Amino acid sequence: MRDDPDQEAEDGEALGRIGAPEPVAHLAIHLYSLRELCAYFLRLGTVGFGGPIALVGYMQRDLVEQRRWISREDFAEGLALAQLAPGPLAAQLAIYLGWIRFRILGATLVSIAFVVPSFLMVLALSALYLRFGGLPWMQGAFYGIGAAVIAIIARSAYKLVRQTIGTDRLLWPVFAVNAVTTAWTETEIVWIFLLCGVGVMLLRGWPRAVSTPTALGLAPLPAWLLTGLHGTATAGSLGTIFLYFAAAGAFVFGSGLAIVPFLHGGVVEEFHWLNEQQFLDAVAVAMITPGPVVITVAFIGYMVAGPLGATVAAVGVFFPCYLFTVIPAPYFRRFAQNRPIRAFVDGVTAAATGAIAGAAFVLGRRAIVDLPTALIALLTLAVLLKVRKVPEPLVIVAAGVVGFIAKQSIYGSP
């Protein structure tokens, strides 16, 4: 499950090309049922490795070019909305494609079909982790995996800088301020994100003459449904989980890894739901399963409050994404090219990219604890930068094996 763009220097151009109308004759749109559309997204959510750019590419290839269910114009419009609004890119595009013909029902069922497979995989891995996390072999594996995750986050920040900032002199200070702030405070500061968006909007986004469009009681449940690392959850703690992850989901601009610094500040520093190693393990679990990386919140929710906590966390983080898609969808054609809105999104995205870079530094200090973990991180980063389209799940598994062997060889036990 990698929400980090997989392409190299042309990642930025890839998004521009995907969904762009091509100079070919108009293709007739074939009729399809809601059941067929949901079945497609259920399959994509099950086998869709490769990150958001790859997932978007699969949708264009399958739904626009091969099956001809979606017009090029509708696809391009959905992609633009997904880029402008906060939330994981591929999930928002899937929701919009469900909305095109079947409106709210289609958007709802498609979002469920797309997310549920990866959610169930994370749920199973969470149960295994909670049951066997104390075993030496798993500790040894995550000794190497944690270092590899740092390299993946660093590579993500590097690629996002090239894709979203490039040579833009206005966005570089935004990136730098947020990178330093996140590294220094070891948490995210939401108001800085918003301030960056407003600042960029005012400095370059506002035209001289703007034409604006007119415009909980909890029934008794089995204890195992609510049991995590800290015992049995209550209705109050479930409410806290939902509100926290909903707030986090409302500020995921750009790559889904932008949510990592947000989560670290709350999950580790504020609520103390997980320690540093468990948080890195949560990110690693997200990396080895298909779908958006923000589904890592299901792992965190499971650790806090069992299966029900995982469900509440997942619903919370995707709920804003859903609303930010279905609410503006009927009006998006009128707002898509609004210059101030695009400038605001550019500013927030640059801020999120800086936060990812700062998070790599913060988490790296915890995960890279000795020479073997430093070597694993450096080797992983070199492979990711030099080997084109290397599957990140394979990298994570390889790092786990190397970490297990290294810890057993050096410390006498895994």
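Using N, Cα and C of the backbone, Cβ positions are placed for all residues, glycine too.
Unlike curated entries, TrEMBL annotations are predicted automatically.
Taken from TrEMBL, the feature transmembrane segment covers 40-58, 79-99, 105-129, 141-158, 170-203, 241-267, 279-304, 310-331, 343-363, 369-387, 394-411.
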> Among 79-99, 279-304, 369-387, which stretch has the most Cβ pairs under 8 Å to the transmembrane segment (141-158)?
Replying inline: 369-387
> Can you say which of 105-129, 343-363, 369-387 has the most Cβ pairs under 8 Å with the transmembrane segment (170-203)?
Replying inline: 343-363
> Which listed stretch (105-129, 310-331, 343-363, 369-387, 394-411) has the most C-beta pairs under 8 A with the transmembrane segment (79-99)?
Replying inline: 310-331
> When each of 105-129, 310-331, 343-363, 394-411 is checked against the transmembrane segment (369-387) for Cβ pairs under 8 Å, which one has the most?
Replying inline: 394-411
> By a Cβ-Cβ criterion of under 8 Å, what residues six or more beyond either terminus of the transmembrane segment (105-129) are in contact with it?
Replying inline: 1, 34, 37-39, 41-42, 44-46, 90-91, 94-99, 138, 281, 285-286, 289-292, 295-296, 298-299, 302-303, 307, 310, 314, 318, 322, 325-326, 329
